[in-house]
Amino acid sequence: MSNITTNNSDTNYAQCDNTASIAVPFKVSILSLVLVVGPLTNILIIILVLRYQRLKKNINYLIANMAVSDLMALLLGVPQWLEMELSGSISWKITGLLGSITCKVFYFVFYTVPVVSLLTLLIISLERYRAVTRSSCAAPPSRRQIAITILISWLIPLLMFSSSLHFFDVVSYNGVQICRMTHVSLLTSLQYAIIQTVLTVLLFVAMLAINVMILKKLRMSRFAANLPEIQRKKRERRIIRAVCMVLFSLLLYSICLLPANILELVIAAYWYYNKVPISAAFCINWNALLFAIYFLFYVNFTASPFIYVFFLEDFNSSAKKLLCCGTKSWKAEQETLTDQPQIPTTHEELKTLVKHCNN
């Protein structure tokens with residue numbers, strides 16, 4: 001779980017009534033549900049992109065990248081949290097050098113993967129904006145360019161949060177081994193929370209602005225005028241659906257992700273300016289509050305694949321055929337794909353389109 005949990009575990013809030021709490025069986029049940037549904041849905045997205053030829057497109061590779069990062073967050077965080085609820089202890093079970101390494105890696109990934117997904121959404125937004133502003137005859141990014149873009153979406157947050165490999169470690173508190181932030185002042189902790197929150201807000205604002213501009217561009221101008229009418233409308237519909245996918249993903253992030261960032265910032269700021277943990281000053285049920293906020297954090301990674309499948313037609317139809325009809329339907333689809341009008345993606349298709357444009 002987050003550093004909030006471990007930091008506030010040091011606090012003796014005996015003066016507060018914390019007896020009322022969410023029942024452990026209920027917490028274990030809903031965490032188990034997230035642990036089952038979340039990985040399955042994200043793995044489904046990855047399998048669809050790898051298996052179906054019609055999904056081998058630039059935007060779908062980027063969506064698969066988000067599914068990978070979300071899958072990592074779920075498999076790393078939820079089992080650890082579930083174990084804590086079952087044992088009734090926040091102790092770090094792995095000791096020694098291996099315990100220190102796993103503690104550092106845990107928080108390194110914890111802070112990194114949400115930013116990977118947000119950066120990927122930003123890349124999708126920029127690509128859709130480029131699609132509505134460039135000529136319809138311009139070639140899309142190559143697979144190599146998309147691969148480099150995906151690599152950058154990981155490198156930036158990895159470098160940003162590499163300091164967590166130094167800050168986090170396993171320490172002993174009242175005879176219990178706890179994975180928490182160490183070797184850091186209250187000011188550094190506050191700066192860490194500010195950077196994380198500001199980065200998230202800036203990404204939100206940038207993506208919202210870009211996608212609003214995309215919708216305005218589609219409304220004010222005749223998009224892809226050089227293409228045949230049927231193909232133009234199909235392409236426009238795909239872009240609008242991609243924009244809706246990004247906007248609803250942002251809505252999901254704002255509901256599920258921002259509360260955790262804001263709470264971390266408030267707690268770090270209160271601790272820095274008042275020199276005491278906020279839990280010692282406000283008698284609320286911190287256990288229940290933290291559970292609710294961080295449960296939403298993992299719900300985000302679980303619900304995202306449903307947004308992809310709902311808004312993107314290729315994912316929707318492919319998921320239905322895979323889940324309902326299996327391999328036979330998949331083979332039949334591959335045989336009929338060549339007979340269906342597709343947006344140009346291969347080099348040969350692009351050459352044909354260029355000839356059409358020149359004529």
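A Cβ is built for glycine as well, from the same backbone N, Cα and C atoms used for every other residue.
For reference, TrEMBL has these:
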- 41-308: domain 'G-protein coupled receptors family 1 profile' (DOMAIN)
- 28-50: transmembrane segment (TRANSMEM)
- 62-82: transmembrane segment (TRANSMEM)
- 105-126: transmembrane segment (TRANSMEM)
- 146-168: transmembrane segment (TRANSMEM)
- 190-214: transmembrane segment (TRANSMEM)
- 239-272: transmembrane segment (TRANSMEM)
- 284-311: transmembrane segment (TRANSMEM)
Sort out for me which stretch, of 28-50, 105-126, 190-214, 239-272, has the most Cβ pairs below 8 angstroms to the transmembrane segment (146-168). 105-126
Same-chain Cβ contacts of the transmembrane segment (190-214) under 8 Å, 6 or more residues past its ends? 111, 114-115, 118-119, 121-122, 125-126, 128-129, 132, 160, 163, 167, 184, 239, 243, 246-247, 250, 253-254, 257-258, 261-262, 264-265, 267-269, 271-272
In the same chain, residues at least 6 away from the ends of the transmembrane segment (62-82) whose Cβ sits under 8 Å of its Cβ atoms read 1, 28, 31-32, 34-35, 38-39, 42-43, 45-46, 49-50, 106, 109-110, 113-114, 116-117, 120-121, 123-124, 127, 146, 149-150, 153, 294, 298, 300-302, 304-305, 308, 312, 315
If you average the pLDDT over the domain 'G-protein coupled receptors family 1 profile' (41-308), what number do you get? 83
